[in-house]
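Colleague: For reference, the structure I am asking about is given below.
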Amino acid sequence: MCSVSETSSRSVQYLAGLSVSFAFTFTGAVLSWPSPAIPKFKNGEANVQITDEQSSWVVALCPLGALLGCYFGQVLNEKVGRRRTILASVLPGLIALNLVYEDAMAYVRREKHHWCGKWDYCCEIADKEIRGAIGMLVQVMMNIGSLLVYGIGPFVSYTVLNSIVLSFVILYGFACLWVPESPYYHLKDGRLALAKKEFMFIKGTKDDKWASEQLAIMRSHVVESMANKTTTKELFTNVRYRKALYVVAGLKVLQYMTGTCAIQAYLEPIFRQSSSVSGPYVSIVYGFVQLAAGITATFLTGCVGRRVLMLTSSIGVAISLTAVGIYFFLQDYYQLSAQTLSSISAIPLVGVLGFNILYSIGLGNLPYIMQAELFPINVKTVASSLATMMAAILNFFVTKSYQGIKDFFGHYTVFWSFASIAYFGIFFIYFFVPETKGKTLEEVQDNLNVEAVEMERLNKEKQKE
């Protein structure tokens, strides 16, 4: 299947991907918000006094907000389409903005508009050659939001910090007003004329014959997929989705249980404890490194396969977290003198920055791209919703347990626990995760279906025996 016509242009795909990805500046800012906010709680600047236990709840409540968003996102994606769902995701952020100006509790300020559909949208509108790069824009935008919070947050008031974070929602809403609907949504419901109109606009072509040929291929796969049910039961009972399910579930465990959200949230307190460099300034360096790594990853996805990037990422994350754990083991368990610790104080800095770089080039965003690529249109919305719900639960568990594990078992236990998941990920990716780079969504499904048919044949042979 040819993904481009001689007269086509990809400018709309890039601009639409950029506009939709801008939502994740808010997500990145929200995830990083506790890093400058927690010290403001501790020193009374926020006019709210909270304990370490309450701080852990402030951090952990963010992913719980995503659970509700995923449910409504799934319903809206099917009922009103990707575009309207993307625009509707502005509303929760605006509600949170209103609560901030009414001086609501800090817990409420962590409301998150993590609605499903943005990754699916980016993958559905993009040509196979640039699908990975457009998907990685999400990581870049998330890193920009984090950098702004790390760079500005420690030096402004608590109210100004919240206003900056939530202003991203308004900007995102305006940026997405023009984006087209996904042709797959129209094809799913049989609106061929609208699907063709949106397809030609997205592809930047006036070649009617080529557009009709491409839509015919897309429609045949959509019709074949929609012949199956679109329920959660269908997703879990049909053998054709089994590999996609365990691959995405494994990648979600790897993506969130390696502790990225907890490290981002507690970044400034981590460095206040372990480094001679000021926590706020290290956070700024972290933000710049994270942004540079995200931009680099965007280009790498165009020339390096998903598997190679995720394997490299998992190996690097495992080594980096192990190194940070060793430093805290020497500090907490052996209780080395301050002079001895100062001679190795670069270890946590190098380790956390190394984690940042290696996580960003693979595990940070590629699991979301794979999630949107591996499931067919009939179960994609349900599957994406459930995958993001799973991510939210894992995120909650990691961020909530971070403070308790640190207090009872030591900081090194936290980092070595994260590292153990990354070591597991090396084997999981190598043996189970398929390569999807350079393939259309239809080709990805064809490959998975061949494996599913073979698996079903083997199961029937075993039953006969």
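Keep in mind that glycine also has a Cβ here, set from the backbone N, Cα and C atoms.
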Colleague: Among the residue ranges 86-109, 374-397, I'd like the one that TrEMBL describes as transmembrane segment.
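Modeller: The range carrying the transmembrane segment annotation in TrEMBL is 374-397.
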Colleague: Would the transmembrane segment (279-301) and the transmembrane segment (374-397) count as touching if the test is at least 3 Cβ pairs under 8 Å, pairs 6 or more apart?
Modeller: no
Colleague: What mean pLDDT score does the domain 'Major facilitator superfamily (MFS) profile' (1-437) have in the model?
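Modeller: Reported value for the domain 'Major facilitator superfamily (MFS) profile' (1-437) is a mean pLDDT of 82.
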Colleague: Any contact between the transmembrane segment (54-73) and the transmembrane segment (374-397), i.e. 3 or more CB pairs below 8 Å with pairs at least 6 residues apart?
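Modeller: Contact criterion met.
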Colleague: Which stretch, 12-34, 155-179, 409-433, tops the Cβ pairs under 8 Å count with the transmembrane segment (244-267)?
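Modeller: The stretch with the most close Cβ contacts to the transmembrane segment (244-267) is 409-433.
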Colleague: Run the contact check on the transmembrane segment (409-433) against the transmembrane segment (308-330): 3 or more C-beta pairs under 8 Å, excluding pairs closer than 6 in sequence.
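Modeller: Since 3 or more Cβ pairs under 8 Å link them, the transmembrane segment (409-433) and the transmembrane segment (308-330) do come into contact.
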